[in-house]
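Visitor: Shown below is the structure under consideration.
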Amino acid sequence: MNNTQPSSVAFFILQGLGSLGEKRMVLFVIFLLAYTIILGGNSMIIYLVRTDPKLGSPMYFFLHHLSFVDMVYTTVTIPNMLSGFLTDLKTVSFPGCFLQMYCFIHMATTGRALLTVMAYDRYVAICNPLRYTTVMTRPVRLLLIVGAWTFGAFFTLPAITMATQRSYCGPNVVRHCWCDPSSLRVLVCGDTQVENMVSLSSAVISLLTTGLLILISYILIVMAIAKMGTTQRLKAFTTCVAHLTVVSISYTSASFVYISYRVGNISPEVRIIVSVLYSVLTPFLNPMIYSLRNKELRDAIKRE
């Protein structure tokens with residue numbers, strides 16, 4: 001079958017967690033509350049960084065970009081999921097489905113790239129403190145941000161482009177709360193081995209590349225901290241603990257998602273729940289972790 005022939009599917013039906021029945025309302029309340037906290041917490045960080053002169057360091061510059069990505073990342077999926085809890089039939093147009101898929105993957109990959117940039121920032125601050133201000137200039141910061149977004153686009157476009165070129169001949173029921181690539185790929189007419197390989201390779205390479213760079217940064221940081229006195233060591237560790245906590249949560253939850261899609265005997269409902277928790281967990285916890293672990297951010301909140 002020709003891979004580029006027009007699809008006979010004009011829209012997709014998102015099945016989501018409809019099998020849970022009345023429990024959907026409980027989930028609706030939980031995720032509505034979580035989404036509200038995500039928007040409120042990350043908006044607060046963006047506002048504080050942009051208005052408080054004491055939060056002008058590169059670390060907060062990168063943090064407020066991460067908060068923006070988290071807000072877009074969850075807005076792409078959660079409102080759609082919430083509306084699905086309230087209706088028996090949730091549909092999404094053919095172009096809208098792929099737009100949602102692109103934004104979701106792009107934001108997820110860009111978020112990990114920003115965490116890598118933040119790890120590099122901590123490396124420069126701790127290992128080369130005297131050169132920190134000369135290295136992390138505004139042009140360099142902007143270049144790192146552009147690099148993070150470009151990295152996200154680079155690892156997103158191939159799989160999405162291939163997916164849009166395929167024919168979807170039905171059924172048009174997506175067994176997920178949003179247009180998840182793996183759930184949509186099973187609806188393709190024909191063989192999808194190439195798409196599976198490209199999608200998996202992009203995901204694994206992006207995950208391993210950013211993870212390895214973060215790991216190298218922290219190995220160098222630990223080596224530098226080991227040479228410091230007790231007071232300096234504690235101060236250096238304090239500046240890293242929030243970022244390290246976020247990285248640990250993000251990569252652990254991402255690993256669970258990839259593993260759940262590769263294990264054959266896991267039910268679709270469990271896969272959906274794992275994927276939903278992954279998409280909500282990090283954006284939900286980020287503002288809390290940085291607010292609790294960062295004195296300057298707490299002081300900025302008190303000044304408001």
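Note: Cβ is positioned from N, Cα and C throughout, glycine not excepted.
Got these off TrEMBL a minute ago, pasting:
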type: TRANSMEM; residues: 25-49; note: transmembrane segment
type: DOMAIN; residues: 41-290; note: domain 'G-protein coupled receptors family 1 profile'
type: TRANSMEM; residues: 61-79; note: transmembrane segment
type: TRANSMEM; residues: 99-120; note: transmembrane segment
type: TRANSMEM; residues: 140-160; note: transmembrane segment
type: TRANSMEM; residues: 203-225; note: transmembrane segment
type: TRANSMEM; residues: 237-260; note: transmembrane segment
type: TRANSMEM; residues: 272-292; note: transmembrane segment
Visitor: Please check if the transmembrane segment (140-160) comes into contact with the transmembrane segment (272-292), where contact means 3 or more CB pairs closer than 8 Å and the residues in each pair are separated by 6 or more positions.
Guide: no
Visitor: Under 8 angstroms, Cβ to Cβ: which one of 61-79, 99-120, 237-260 has the largest number of such pairs with the transmembrane segment (203-225)?
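Guide: It is 99-120, which has the most Cβ pairs under 8 Å.
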Visitor: Residue list, the transmembrane segment (61-79) vs rest of chain: Cβ under 8 Å, 6 or more residues beyond ends.
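Guide: Hits for the transmembrane segment (61-79): 31, 34-35, 38-39, 42-43, 45-46, 49-50, 100, 103-104, 107-108, 110-111, 114-115, 117-118, 121, 141, 144-145, 148, 177-178, 279-280, 282-283, 286-287, 290.
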Visitor: Which residues, given as numbers and ranges, are at least 6 beyond the ends of the transmembrane segment (237-260) yet have a Cβ under 8 Å from it?
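Guide: Residues 59, 108, 111-112, 115, 118-119, 122, 125-126, 203-204, 207, 211, 214, 218, 221, 225, 266, 270-271, 274-275, 277-278, 281-282, 285-286, 289-290, 292-294 contact the transmembrane segment (237-260) from elsewhere in the chain.
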Visitor: Please give the average pLDDT for the domain 'G-protein coupled receptors family 1 profile' (41-290) in this predicted model.
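Guide: Average per-residue pLDDT within the domain 'G-protein coupled receptors family 1 profile' (41-290): 87.
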